[in-house]
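Database features, via TrEMBL:
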{"type": "ACT_SITE", "residues": "C18", "note": "active site"}
{"type": "ACT_SITE", "residues": "H126", "note": "active site"}
{"type": "ACT_SITE", "residues": "D144", "note": "active site"}
{"type": "COMPBIAS", "residues": "55-67", "note": "compositional bias 'Basic and acidic residues'"}
{"type": "COMPBIAS", "residues": "241-253", "note": "compositional bias 'Polar residues'"}
{"type": "DOMAIN", "residues": "5-190", "note": "domain 'Josephin'"}
{"type": "REGION", "residues": "51-74", "note": "region 'Disordered'"}
{"type": "REGION", "residues": "234-253", "note": "region 'Disordered'"}
Amino acid sequence: MSDLVPYIIWEKQEGNLCAQHCLNSLLQGEYFTAVDLSEIARNLDQAEQAALREGISERSQPEDNRNANENTSHNMDDSGFFSVQVLSHALKVWNIDIIPIGSEDGRIAKINPEDELAYICNLREHWFTLRKFGGLSSRWYNLDSLLRGPESISQTYLGMLLNQLENEGYSIFVVKGQLPSSQADEYSKSLPDPNLHRIQKNQRQNIDEIDQAMIDAAIAASLESNNKRDLVKPVEEHNSSGEPISSTTTEQLTIDELRAKRLAKFDRSDGN
């Protein structure tokens, strides 16, 4: 499946900008920069602070606490980390939603994970994308910016990987909507289905195994037949006097001995 890799847009990790890399690999284009995401985070902070100022609990807080809350961002930090709210808001422009896989709407993805468009995964301050290309269940890739490049994921391994990530504490979000078409999406449709290749390979292997089994059976049958012939009693022959002798006996008697036996027979006949 490495034939698709040159067409996939993948960003190598820079600083702590994994959220930017995660979104761009999902959308397959350089759609967001750190500046764009910072602007979204500031807008979210302002909206959250305005909502807090209007709350009853906010009015009862001391002035120092209110100033501290207004100066603290819950959507980004100086390292370059951005919250899930920032990613979710950024994707709204594309009419794309991300749903926690453990929610009621996202839980169905655990049954047939290969049927979804993509997954966004997060652990502490790291974000990365698992994405399907060309709408093909056989074309899943891990686009983690910490890897050396895109890594293909088999249809079977995808579910195992998601379970492993959950067990390791990752938050997993199911991507819902319609992703913009990319060069990799279009090119993947022209490639042979790797699942079909595996099926054909398995079929050829089964045929080879059957052929080998038939050959082994034929050899075994031939050896058994030869063994039976070796065990058959030698065919009896008759000497000149009409007495049965085995082939083994014939082989043991010399020509002179046979001649003597015949003469002895004639002598008995003359005597009579």
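Yeah, the Cβs are placed from backbone N, Cα and C, and that goes for glycine too.
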Cα separation, C18 (active site) to H126 (active site) (Å, whole number):
6
Rounded to the nearest Å - Cα separation of D144 (active site) and C18 (active site):
8
Long-range Cβ environment of C18 (active site), under 8 Å and at least 6 residues apart:
E125, H126, W127, F128, S145, L146
Near the Cβ of H126 (active site), how many other Cβ atoms are there if near means within 10 Å?
17
Suppose we draw a 10 Å sphere around the Cβ of D144 (active site). How many other Cβ atoms does it contain, all chains included?
22
